[in-house]
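Reading through the structure tokens given below for one structure.
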Amino acid sequence: MAQRNTWQRDRVREALGDAAGFVSAQDLHATLRQGGSGIGLATVYRTLATLAASGEADQLQSPEGEAIYRACSSTGHHHHLICRSCGRAVEIEAREVEAWAQRTAAAHGFTQAEHVVDIFGLCETCTAAQAAPATTAAAVTAAAAADPQGAAATAAAPAEIRD
Ligand SMILES: [Zn+2]
Ligand SMILES: [Zn+2]
Ligand SMILES: [Zn+2]
């Protein structure tokens with residue numbers, strides 16, 4: 001590579017900084033394209049890897065095994081709480097984890113131990129959205145599909161009620 005496209009790197013870094021939480025290369029690529037940038041997906045992948053390697057971005061794996069990135073406010077060692085639905089992230093300290101990791105490594109004769117601990121869940125907003133009526137209707141439909149006889153019995157029940 002003779003030429004280094006620093007403008008592309010700047011655009012990726014900028015977009016990452018604007019993102020509300022952890023994003024995948026594909027997410028970021030889509031955002032950049034919406035903003036009118038002709039940047040390629042391969043370039044976004046490569047640039048994110050470079051930013052992660054230089055410590056300018058945090059990289060971790062989503063539960064689905066996808067690499068996700070964030071421009072973190074703290075550069076030191078830290079952990080995250082990440083919403084698996086919207087990607088929103090909270091940086092957290094985990095003193096118990098630090099002590100436990102040191103102790104466990106030492107107990108097995110390990111030195112220079114490092115660890116990666118992140119918590120994936122649903123944020124408050126996404127939890128509230130999941131509790132919305134639309135989700136309940138879908139759950140009822142799913143339950144009926146899973147147990148057609150039970151659903152049929154329930155549907156037939158009112159006809160058997162006499163007074
Ligand atoms: Zn972070
Ligand atoms: Zn969320
Ligand atoms: Zn830690």
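Including glycine, each Cβ sits where the backbone N, Cα and C put it.
TrEMBL: automatically predicted annotations, no manual curation.
Remember, it's a predicted structure, so these values are computed and weren't measured experimentally.
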Given TrEMBL lists His77, Glu98 for Fe cation, the same-site residue among His29, His115: His115
Between Cys83 (Zn(2+) binding site) and His115 (Fe cation binding site): CA-CA distance (Å): 21
Three-state secondary structure, which DSSP defines for Glu98 (Fe cation binding site): helix
His77, Glu98, His115 excluded, remaining Cβ within 8 Å of their centroid (Fe cation): His79, Ala94, Val97, Ala101, Glu114, Val117
Cys86 (Zn(2+) binding site) - helix vs strand vs coil (DSSP): coil
Spatial neighbour of His77 (Fe cation binding site) that is closest, considering only the binding-site residues Cys83, Cys86, Cys123, Cys126 and their CA atoms: Cys83
Chain-internal residues, separated by at least six, CB under 8 A from Cys86 (Zn(2+) binding site): Ala20, Gly21, Cys123, Thr125, Cys126
